[in-house]
């Protein structure tokens, strides 16, 4: 009975997280829906042309949320239980996901050349990433939270993305006209993760 209750609680934990992410992703499109409902004399082609940047920002943020959810999903497919620390880190992760539509709309309305809007947007991504790394660390240190045959990805490579987000944040604030283009440094994430994996493989061979 106790095991059933624990499993039910964990299922609610995961379902709640998925529902919050789905709602946050849906909120991204609402400003465009509002604008589309007031076309006036504009043709659909003119509307799309005049709102191209807003559509780009929507797509960017949708991809960002999707990537974060994908990493969250991969982590929790190996997990069967949770601790209070994991619960609250997950809540922090969810708060940042829910908050992301706000800086998204600021950027869509005012552009990304403002250090404040760029800092809000990239800073939110950084906090989401750090919360994810924190959850990863808890699961990594607590084998009892995982299924017996489950393995987790190494923690060191997971640090590459928040490190690059911090670099992007500094660039966006220090050089305002760069704006969201500073996020291009995130493309270095895959090679950095590969380097970290190779380093860990060499260490394991030496032992």
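Glycine too: its Cβ is placed from the backbone N, Cα and C atoms.
Outside the transmembrane segment (12-33) by six or more residues, the chain places 51, 54-55, 58, 61-62, 65-66, 68-69, 72, 76, 82, 87, 90, 93-94, 97-98, 100-101, 104-105, 108 with a CB less than 8 A from a CB of the stretch. Summarising the annotation, TrEMBL assigns transmembrane segment to 12-33 (among others).
TrEMBL lists 53-70 (among others) with the feature transmembrane segment.
Residues annotated as transmembrane segment in TrEMBL: 82-100 (among others). Beyond its flanks by at least six residues, the transmembrane segment (82-100) meets 9-10, 13, 17, 20-21, 23-24, 28, 61, 64-65, 68-69, 72, 121, 124-125, 127-128, 131-132, 134-135, 138-139, 142, 145 of its own chain at Cβ-Cβ distances under 8 Å.
According to TrEMBL, the feature transmembrane segment maps to 120-139 (among others). With a threshold of 8 Å between CB atoms, the same-chain residues lying at least 6 positions outside the transmembrane segment (120-139) that come near it are 64, 68, 71-72, 75, 78-79, 83, 85-86, 89-90, 92-93, 96-97, 99-100, 102-104, 106-107, 112, 145-146, 152-153, 155, 158-159, 161-162, 165-166, 168-169, 172, 180, 182-183.
Counting residues 6+ beyond its ends, the transmembrane segment (155-175) has Cβ neighbours under 8 Å at 112, 115, 118-119, 122-123, 125-126, 129-130, 132-133, 136-137, 140, 182-183, 185-186, 188-189, 192-194, 196-197, 199-200 in the same chain. Here TrEMBL flags 155-175 (among others) as transmembrane segment.
Annotated transmembrane segment per TrEMBL: 181-201 (among others), in sequence order.
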